[in-house]
């Protein structure tokens, strides 16, 4: 446990340092190198600072927001559901299921079932191949659709996306929006730093003599990572040079006049920017298709239970291909489920979208396809039972009476 705590602290510290150090360095170096163009420096710094702020704020929201866990007992719901000890038998309706009549497309939330709104059958839910509800023997709870047990967190997570070591926890229903914004803002921040810093480095190289060697960059990089003092003292560089000699003097300024921090800054910015650009694209695709990382990487078929009535005994379990987009309800609605209904709240890491993580609407096409497969499977089963049985041939009958 102690090693785990140290590892977690190291990851958190490295992430925070990776976010905070570049902005401090960029601000100090821009103020120094763009002193002749104050307006340009102010624009660069304001945009970089805003992206840095939202990146750090999103990261903190991921850290301090719970991904969501299913209840370990029968939920308080108006639906008629059996006690927990009976829910592992298929001869009951599932606790968590989707019916078109119990989902409000305006609010993107499940409706409450009552006598005025009768449940529309068939209803669908993810189950085991035998029709049993998905159950976690560790957490002692019924697992809603799209929830999974995380071994690292030792808990079931609602709409689990993945376990992220950089946030020391799981990304799920409750914090996925914040994680997505963290990735996007950090990507934009890194690319902005790279784009604004590159012209200054090119200009310095074109007007100076000599090159910054790999050894110089490595020494500068060690100074950059080892101590915060070096970076923060760059904000008061006049005082720094008045009382001390810069640690980069004679290392990265040999015949060039180019601070090696620029090279380190560009390397980190381009590296993080390009990597996170790919992450941003991937997770944007996931959101628009209403799928999770686990669902995308899974190669196992999905077992969907289709109940034709409320008896809990009249159902079929059909196999659905793992690439089938069961929950795709349209690009805009998929986006709103994660990011929220109001466009004004999309870029702000304060509120998430859907707050109910126990039932998820099937897409209209997916619902019709699954129900159609179940009906076809039921007809084939009935036809097989009703087919006339062919009596086995008797050898004596075939050979006729013996003499």
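Cβ from N, Cα, C; glycine included.
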Per TrEMBL, the range holding transmembrane segment, considering 136-156, 157-177, 262-282: 262-282
Matching range for TrEMBL feature annotation, transmembrane segment, among 74-94, 95-115, 221-241: 221-241
Stated TrEMBL location of transmembrane segment, expressed as one of 12-31, 292-311: 12-31
Integer average pLDDT (0 to 100) for the domain 'Palmitoyltransferase DHHC' (132-298): 75
